[in-house]
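For reference, the structure is listed below as structure tokens.
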Amino acid sequence: MCCFLLVSVLLATTLTDVASAQRWRQTSGGGKDRWDGLLDPLDADLRRDIIRYGELAQATSDALIGDPASPFAGASRYAPDAFLRKVRASDPDAYRVTRFVYATSSVRLPDAFMPRPAPSAGAAWSGESNWMGYVAVAADGVAAKAGRRDIVVAWRGTKRAVEWANDLDITLVPADGVVGPGPGWTQPSVHRGFLSVYTSKSFSSPFNKLSAREQVLAEITRLLRAYKNENCSITITGHSLGAALSTLNAIDIVANGYNVRGSSRVPVPVTAIALASPRVGDDQFKRAFDSTSNLSLLRVRNAPDIVPTILPSAFFKDVGAELLVDTRRSPYLKNPAGPAQWHNLECYLHAVAGTQGAGDGAGFSLVVDRDLALVNKEVDALRDEYQVPAAWWVEKNKGMVQNASGRWVLQDHEEGNLAM
């Protein structure tokens, strides 16, 4: 009898694990239909997944020192250790940051892409590099529950996208080294600026002797080796510029075999959650992306946001599947609003939490209980009756602290914030 009960328990556990794995493959776009039937109406599990990965992308914005008066402008305010706890992530122990990622660029970019210290700020931490995000891995408990070890790459976006969007050139260049010609497509081309941020390096900067691309690929390789006996997944996420970098990073990993490990040569599935993403590449890039196995991308687009369509469709093509949301349907947000609110990541996540479909008659209901105050972290979007100040996410006293002699000095970062 005891043996029968033990076998029954083990069988039930196995079936639960199998069902969980199959469900994850579906919500991560890994099935043959790539989210077909899950977007309108939005599947409950997928809704939570988008918010979770969106929050991991939001952490990069929350940690960025953006004030040019600081010698550390363009760096992270916090060290990797307990990083997600310091940015007040909703589940700070679910992932552990294993590496920071830094980028530079060999071409001129809009100033908003990479905030830098002003000349008057004094000795700058770097004159060339910017902190561009991090790599993290799921904690043991999360991995055990999910039946897989999730590796996340979170790419930083820009706070002033409306400014850079109008100053963005439309130059396409071959995506050499990222993705090449294949069956059904010729050499893909991508936006020059996005590619430059992803692939540029500078031997004069200690942070970019390796490009952002090389840093991420090396860390993914290391983590896949460290967890070689576990089922793994790779999820890339980002907002705005970060979403464009996520798109490049995702296809790069698969096209060049960085998701294949060990003698089994079994590929690890790669999923990108790209929020408010501008278009990245041409029609050949689209063909390559949409034809590549073990690669899925979900673009989340807010209907009034101008950034996803700022690069002309005659030259640049959308890739992956699209989830369309509309912040104008939320009864909690000010209406009319403006481009800054429409593009803001917290506003996007609010829309994901409440969207009831893309049709004309679809309503809005916060089926995910997400704090309304988050909407006003960086913008003034929440209706006044909720009594939440605009742009409230600021460092106490703007990073000014009183030293032992009683004088106020700038101390806007913690020790170890420049870790690699």
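Every residue gets a Cβ built from N, Cα and C, even glycine.
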Checklist outcome for this item: The residue range that Swiss-Prot labels coiled coil, out of 235-256, 367-388, 389-410, is 367-388
Item to check | Fewest other Cβ within 10 angstroms of its own Cβ, chosen from the glycosylation sites Asn231, Asn294, Asn403 | outcome: Asn403
Checklist outcome for this item: Asn403 (N-linked glycosylation site) to Ser240 (active site, acyl-ester intermediate), Cα to Cα, whole Å, comes out at 38
Checklist entry - Do you know offhand how many angstrom separate Ser240 (active site, acyl-ester intermediate) and Asn231 (N-linked glycosylation site) by C-alpha? => result 30
Item to check | Chain-internal residues, separated by at least six, CB under 8 A from Asp305 (active site, charge relay system) | outcome: Ala276, Pro339, Trp342, His343
Checklist entry - Just how many other Cβ atoms lie inside 10 Å of the Cβ on His343 (active site, charge relay system)? => result 28
Item to check | Rounded Cα separation (Å) that holds between Asn294 (N-linked glycosylation site) and Asn231 (N-linked glycosylation site) | outcome: 14
